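Asker: So TrEMBL lists the following for this protein:
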type     : residues  : note
TRANSMEM : B:12-35   : transmembrane segment
DOMAIN   : B:78-271  : domain 'ABC transmembrane type-1'
TRANSMEM : B:82-106  : transmembrane segment
TRANSMEM : B:113-134 : transmembrane segment
TRANSMEM : B:146-169 : transmembrane segment
TRANSMEM : B:190-215 : transmembrane segment
TRANSMEM : B:252-270 : transmembrane segment
């Protein structure tokens, strides 16, 4: 049970700043996902929390105790790596008991803890095998088991599912979520996969270029992205972005078209001028006849995805996509009348990228 | 295959066979001569086959040939070589593994600089360091003892062996070390429990290099070992310089040479695969 408090963390390799003044609070028992593209600093941040990487400035507190300079072993954490990192010459049992062995715990205690973790993960029958004799999913289970055997107060996961195939990934995802609910301890989980982030997290911290862009619930991240980067990174198919101009507090002009944004939830007082108009593809629909709220667009292409169909359209020279049912997408004419639901619209400042 | 290609292939084999024969000549002479008796070895051409081959010369070389005034053969010196080689190799492998681990997987400040110095160390000629070492051992009171000869072998072997271990360890996943650190293991625990058990293959490679190097050494044995721990190589040289009855016994000298050369020879034959790896280990990463 650990509250994690990160204050103004800075880490750079030479001239390259990987973490730029990161501050983050993680509540007790939370499942926090660090989400971002590769190179955004999320793994470095996790390493810093683990104590595997020294930081140049800032503090890390576990329950108000400053652990910034403590060795990983003194932080009472469990960690699971993408590559599993099982000790190849040891059996699964010895791998799991390793942490207790190095501190000189009794055989009985080792056996008891390993047994407990093995039961929890249903890997009791694998204990005498070496990592080379285990499948990817089994290795990952043993690796999780190894992190459980120590009585850790905080669990760190560094892209643990990336090496698994799609089906197994879904399965392990559910298991990790169930594990979190069962143990009730704090989890910090690094991934670049937004589905993992959305399904697992109680809160997501989206990172880019060494900066946390937004920390929020998955729902908030998706519906009200704080920056254009977050809006673009989260969501598949991705949000469409159109350059426009706010001509009145409730109207955006895009080329020769005007889109009404009557009930938009403004973060700050609306100011006229250029804006980036973002819209989620599933919140765009095609109207059969032009209406007062529709805008004219040209059909540019159709991508069937099975469950739904992505329709590409061009609006005043800018491309956007609409996610329609296959039936709605069938037999569309060349000239379309698009309708935007205000819940799917986000407006951003074109310079700072911040949500308006 | 075209006629030209076949001719080329034949030429290639001809060249290889000739070269192999050329390099085999000394070995052939040693074997042939060692199987002859003393008179025949002195008299006939060195290329003639022995008239009645026997192993007389070998047993004499092993147990009763005279080295200076000591007529007990080189058998005893064989064990000197075994002890020196075993000690020097095991100590240098352990230290090289430890060094290689620290250089490859521990976040060492200036690891690159240390690596560069090691490379220099691997190529500095011994001769430069002999006199200072002699002085140091003399001052320390262990000149011409087993300890002295083992220490010099370890010192001279370490740079290249460390490089071999380091290059192997660089290929290991760094997460292994991170996981062990999170599990609470310290530097020496990680080395002993995680790294050493993974090192069998590279230890074989490095071990072959070390064993052949130490066994075949003459110069360091001559200078640092002293009378009691004289290795076989030095004894063979003394043996052939001793002519007990006034006439050199070439068959015995050859037999002694062969006995001395046999252990590394067998090692090459039995571990050719590993040896090739050992030769390339310093050059190729991983």
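Using N, Cα and C of the backbone, Cβ positions are placed for all residues, glycine too.
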Asker: Considering only Cβ pairs within less than 8 angstroms, which of the stretches B:12-35, B:113-134, B:190-215, B:252-270 has the most against the transmembrane segment (B:146-169)?
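Answerer: Ranked by Cβ pairs under 8 Å, first place goes to B:190-215.
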Asker: Cβ pairs under 8 Å with the transmembrane segment (B:190-215): which stretch of B:12-35, B:82-106, B:252-270 has the most?
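Answerer: Top-ranked stretch among B:12-35, B:82-106, B:252-270: B:82-106.
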Asker: May I ask whether the transmembrane segment (B:252-270) has at least three C-beta pairs under 8 Å with the transmembrane segment (B:12-35), counting pairs 6 or more apart in sequence?
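Answerer: The answer is yes, given that the two segments have at least 3 Cβ pairs within the 8 Å cut-off.
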